[in-house]
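Novice: This is the feature table in Swiss-Prot:
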{"type": "BINDING", "residues": "Q86, G104, E105, G106, K107, T108, D512", "note": "ATP binding site"}
{"type": "BINDING", "residues": "C895, C897, C906, H907", "note": "Zn(2+) binding site"}
{"type": "REGION", "residues": "869-888", "note": "region 'Disordered'"}
Amino acid sequence: MVSLLKKLIGSRNDRLLKEYRKQVAQINSLEPKISALSDEELLAKTQEFRDRHQQGTSLDDLLPEAFAVVREAGKRVFGMRHFDVQMLGGIALHNGKIAEMRTGEGKTLMATLPVYLNAIAGKGVHVVTVNDYLARRDAEWMGRLYRFLGMSTGVVVPQQPNDEKIAAYAADITYGTNNEFGFDYLRDNMEYRVEDRRQRRLFYAIVDEVDSILIDEARTPLIISGQAEDHTELYVRMNAVPPLLKRMASEPKPHEPEPEGDYWVDEKSQQVYMSEAGHESAEKILTRVGLLPEGESLYDPRHIALMHHMMVALRAHTLFFRDQQYVVQDDEVVIVDEFTGRLMVGRRWSDGLHQAVEAKEGVKIQHENQTLASITFQNYFRMYDKLSGMTGTADTEAYEFQEIYTLETVIIPTNKPMVRKDQNDQVFKTTQEKYQAILNDIRDCHERGQPVLVGTTSIENSELLAGLLRQAKLPHEVLNAKQHAREAEIVAEAGKPGHITIATNMAGRGTDIVLGGSVDKQVDLIHANEALSEAEKEVRIETLRAEWKPLNERVKQAGGLRIIGTERHESRRIDNQLRGRAGRQGDPGSSRFYLSLEDPLMRIFAGDRVRAIMERLKLPEGEPIEAGMVTRSIETAQRKVEGRNFDIRKQLLEYDDVANDQRKVLYSQRNEVLEAASIGATVEGLRDAAVAEMFRGFIPEESVEEQWDVAGLEKALAGDWHIQLPLTDMLEQEPNLTDEELLERVVAAARQIYTAKVEQVGAESWAQFERSIMLQSIDTHWREHLSALDYLRQGIHLRGYAQKNPKQEYKREAFELFSGMLDRIRDDVVRVLMTVRVQSAEQVEQAEADAAQRHVQNVQYHHSDYDEALADDGQPQGAQPVRNVLPKVGRNEPCPCGSGKKYKHCHGQLA
């Protein structure tokens with residue numbers, strides 16, 4: 001029925017493309033007229049568009065003419081004409097949608113269309129890439145077109161001087177990575193001077209590789225942190241504990257005897273759990289190494305931190321492995337991006353995990369950090385007035401884009417039909433059999449002159465395969481995080497006849513593999529050679545292309561680029577990205593995945609079913625199973641994982657939305673403080689409110705005089721705010737004084753003392769001092785609030801045991817924490833300003849300089865893993881325990897939460 005309806009009225013995608021094609025026809029009709037313009041007339045079009053837009057013409061109405069101008073500029077600057085399908089993609093991007101275009105269809109050039117159109121508004125357009133290399137490359141490459149049309153471009157990269165960053169954001173078009181845009185937003189909300197802020201209002205962003213940034217990295221927030229207290233010795237001593245504990249052969253099953261051992265590992269949830277025997281063993285070991293006093297229990301509230309450190313050490317030993325999740329370089333543990341295989345230099349895991357891995361590897365342990373500011377990409381990118389994205393693989397995640405970002409995915413047709421052959425997976429019983437089949441396939445391609453790209457899921461696997469190829473005497477190149485610097489060079493050679501390239505996940509590589517090899521670098525070198533005349537350059541380039549042509553034909557005859565996958569990834573999208581490297585622009589190509597029942601995805605999610613099929617077929621050793629049914633079975637397993645990951649991201653967003661609402665309120669108030677000419681009226685309001693609250697603590701409203709604690713109020717005013725006021729004497733002299741009149745006198749006294757301070761220092765200097773104190777107080781209490789939210793988040797799932805909704809409880813308690821924080825900011829600001837003794841304007845300036853100095857010390861930037869514990873409401877986790885003070889509970893006693901379970905099977909499991 002659904003398919004019949006689609007045939008009759010077309011799918012939503014078909015209807016959108018039909019609408020867009022009308023606009024493309026309009027753009028094409030303008031081409032002769034625009035082509036007739038001189039370079040100067042084409043440049044003048046930009047100012048004409050700006051004037052028309054200011055006079056009320058919408059960007060939508062300017063689209064046909066603006067796109068036609070960009071197409072003409074592309075022809076004149078690059079000698080490249082935007083295809084009609086690129087126009088379709090450009091219209092989709094302008095309309096705030098995700099354009100899915102196959103690899104090699106020209107996404108970078110397509111983006112120039114909506115970027116130019118939206119830059120006409122003069123509010124700044126951000127083009128977001130996955131790494132600094134692509135940001136610089138695209139800014140330089142596409143910048144030539146924008147400059148030709150009178151638009152300015154900038155690029156933001158890490159460690160860039162602040163004045164350069166400010167200039168880059170002031171440009172019409174700004175290129176940069178998702179991390180840098182996010183960090184700059186956080187930095188702007190930590191600045192103490194308006195002129196030091198970098199970003200303008202977030203107007204329009206185009207996100208390249210949108211699936212990688214908005215989905216793969218959505219669980220990992222950007223964090224700016226500073227150093228916390230030192231636990232170095234504890235990490236080193238705790239590192240000796242995991243090897244002394246015994247791992248269970250399997251996870252305990254209900255109603256079955258518990259397997260022998262101290263702990264089990266849940267690879268699905270990436271957590272480690274202790275058995276009852278394990279807790280006893282751990283206590284004995286910790287006592288023996290001097291970490292736990294004799295006769296005391298790990299369950300004592302004062303040893304909860306010890307428990308946390310032990311569980312972190314166990315995770316470091318059982319779930320995090322060298323050359324898979326991280327590498328060791330220059331005496332440092334460097335995280336490897338699970339999705340792209342890139343080294344994530346400078347990023348650190350949170351909750352002490354990074355320090356535990358450093359202790360395991362015997363490298364220098366760096367200090368733990370306190371979060372200063374944090375935001376997820378989900379919440380950062382949703383702040384843009386308009387957001388769009390482009391990728392080669394978005395359709396599998398279209399539902400998530402729509403659900404979380406309200407971004408619709410439009411599948412753009414290819415310029416030429418795709419002829420790549422995607423063969424069924426081959427599944428072997430063992431890894432050894434799988435690698436033998438891969439070697440045979442690679443050898444066959446190499447002998448026939450067909451280039452091969454082999455995709456692996458980890459650095460370890462890529463180096464294992466490289467070792468096998470060396471033994472087989474097959475020449476090859478390895479492209480992984482360790483070869484990052486040579487990446488573009490390796491990719492340029494990957495399409496040459498018989499070339500073998502091994503690569504970790506190719507997501508976000510950003511460089512096309514051209515059949516016969518790429519000559520772009522040599523062409524660029526010829527263009528840059530000033531010793532050659534233009535005519536000589538043209539001759540050399542023609543010769544170069546003539547030499548490349550037979551190589552290109554030879555590779556096409558051999559079957560184009562061969563893609564070999566050594567494992568299925570959790571996400572079908574990552575597999576599709578690997579396949580998408582072949583078959584660009586109508587080129588031939590083929591792909592196949594080789595799997596074994598020992599692969600992680602197969603073992604955890606699909607192994608039993610496929611193994612049963614293999615046993616029924618009684619396949620001999622080395623013989624694979626290859627059938628559409630098996631491929632579908634694997635894709636079903638991948639869908640399950642994708643569904644679970646989507647649920648986790650959605651849960652995370654629901655929790656983070658609470659923090660995000662608070663962040664927006666606080667940052668808005670902070671910006672008001674920063675931008676206001678004077679905050680004197682604000683401070684006065686805070687002071688009067690603080691005085692009234694203190695006053696009512698001793699003299700409640702509508703109370704009789706016998707209930708008043710006047711002596712206590714006098715003491716509090718003198719101790720907290722240095723207000724010496726003889727309230728007792730006043731009441732004796734004027735017995736008819738009401739509480740309201742008494743409050744007015746206290747408020748007036750506070751105002752008088754404050755006015756004297758202002759007059760002594762000077763109104764201008766004091767106003768600056770007020771601002772500085774207010775900003776410091778906001779920042780300090782916000783940091784503490786972020787830590788409090790973190791602790792709350794880690795333990796909130798326990799409320800599920802008490803038949804409460806953890807999300808509702810989190811919202812309620814987070815609101816209470818936020819209200820309490822605002823009160824503490826108020827009290828802190830009033831206390832400092834009332835008690836500080838300032839004699840001159842010079843002292844004020846020195847205090848501000850000291851604050852600014854403290855403000856920038858030991859700041860680090862992370863994109864660390866969010867703890868998944870909060871995403872699985874009510875499910876037991878091995879996360880950091882809740883820090884509260886509880887009476888000691890025996891493991892076999894009933895749990896104090898009231899669930900009726902034994903403590904060891906309930907909250908004891910989470911300790």
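Glycine too: its Cβ is placed from the backbone N, Cα and C atoms.
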Novice: What's the number of neighbouring CB atoms sitting within 10 A of the CB on G104 (ATP binding site)?
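Specialist: There are 20 such Cβ atoms around G104 (ATP binding site).
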Novice: Which of these binding-site residues has the least crowded Cβ, counting other Cβ atoms within 10 Å: E105, D512?
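Specialist: Looking at the binding-site residues E105, D512, the Cβ with the fewest others within 10 Å is that of D512.
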Novice: How many other Cβ atoms sit within 10 Å of the Cβ of T108 (ATP binding site)?
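Specialist: Taking every protein chain into account, the count is 17.
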Novice: Give the sequence-ordered set of same-chain residues, not counting Q86, G104, E105, G106, K107, T108, D512, with Cβ within 8 Å of the centre of the Cβ atoms defining the ATP site.
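Specialist: Nearby residues not in the site list: M101, T103, L109, M110.
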Novice: Inside 10 Å of the Cβ of K107 (ATP binding site), count up the other Cβ atoms and send me the figure.
Specialist: 23
Novice: List nothing but the largest Cα to Cα distance in Å, as a whole number, among the residues Q86, G104, E105, G106, K107, T108, D512 that the record says bind ATP.
Specialist: 17
Novice: DSSP on E105 (ATP binding site), three-state: which is it?
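Specialist: It is coil.
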Novice: Note down the number of other Cβ atoms within 10 Å of the Cβ of G106 (ATP binding site), including every protein chain shown.
Specialist: 19
Novice: DSSP three-state call for D512 (ATP binding site): helix, strand or coil?
Specialist: coil
Novice: Would you mind listing, in sequence order, the residues at least six apart from Q86 (ATP binding site) in the same chain with a Cβ closer than 8 Å to its Cβ?
Specialist: E105, G106, L109, M110, L113, N415
